[in-house]
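Novice: One structure follows; several queries about it will come next.
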């Protein structure tokens, strides 16, 4: 499945949550990479929300939370046909459904020179 989106600024909370050992260890174990401490926020169209909501649960990798840290569903994806990573869907979130969070090993804004408003393509496995 291919989805186009636009880079948007986040709420600044991704860095905090991505730095937690409870998540980092499981990302390494279950997704085969240790992500950069931060997420790339991608705004998507409403019709793409419907497509994502139709993805069967068995396609997602479950990352277990503990105490105040909730569970996270992850879905392997590739950004712009060049960077492998995953979309993360925290069970407890304040993000609207039209904003996806993508994680990868590097700081994607720096590596790919991305800025708010840039169009990107996600390929979801």
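Cβ coordinates come from backbone N, Cα and C, glycine included.
TrEMBL lists these features:
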{"type": "BINDING", "residues": "10, 11, 12, 13, 14, 15, 106, 107, 108, 109", "note": "CDP binding site"}
{"type": "BINDING", "residues": "39, 41", "note": "Mg(2+) binding site"}
{"type": "BINDING", "residues": "93, 101", "note": "FMN binding site"}
{"type": "DOMAIN", "residues": "7-124", "note": "domain 'Riboflavin kinase'"}
Novice: Which ones are near residue 101 (FMN binding site): of the binding-site residues 12, 14, 39, 41, 108, which have a Cα within 10 Å?
Specialist: 14, 39, 41
Novice: Taking 41, 93, 106 as the binding-site residues to compare, which has the smallest set of other Cβ atoms within 10 Å?
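Specialist: Checked 41, 93, 106; of these binding-site residues, fewest Cβ neighbours within 10 Å: 106.
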Novice: If you skip the near sequence neighbours and keep only those at least six away, which residues in the chain come within under 8 angstroms of residue 108 (CDP binding site), Cβ to Cβ?
Specialist: 36, 40, 79, 83, 102, 114
Novice: Take the C-alpha atoms of residue 10 (CDP binding site) and residue 41 (Mg(2+) binding site) and report the distance between them in angstrom, rounded.
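Specialist: Answer for this pair: 6 Å between alpha carbons.
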Novice: To what whole number does the mean pLDDT across the domain 'Riboflavin kinase' (7-124) round?
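Specialist: Averaging the confidence scores along the domain 'Riboflavin kinase' (7-124) gives 91.
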Novice: Just the number: how many Å between the Cα atoms of residue 14 (CDP binding site) and residue 39 (Mg(2+) binding site)?
Specialist: 5
Novice: I want to verify one value. Collapsing DSSP to three states, which class is residue 39 (Mg(2+) binding site)?
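Specialist: Residue 39 (Mg(2+) binding site) sits in coil per DSSP, no helix or strand.
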Novice: Enter the number of other CB atoms within 10 angstroms of the CB of residue 10 (CDP binding site).
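Specialist: Other Cβ atoms found within 10 Å: 15.
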Novice: Summarise the domain 'Riboflavin kinase' (7-124) by DSSP state, stating how many residues are helix, strand and coil.
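Specialist: Within the domain 'Riboflavin kinase' (7-124) the tally stands at 31 helix, 38 strand, 49 coil.
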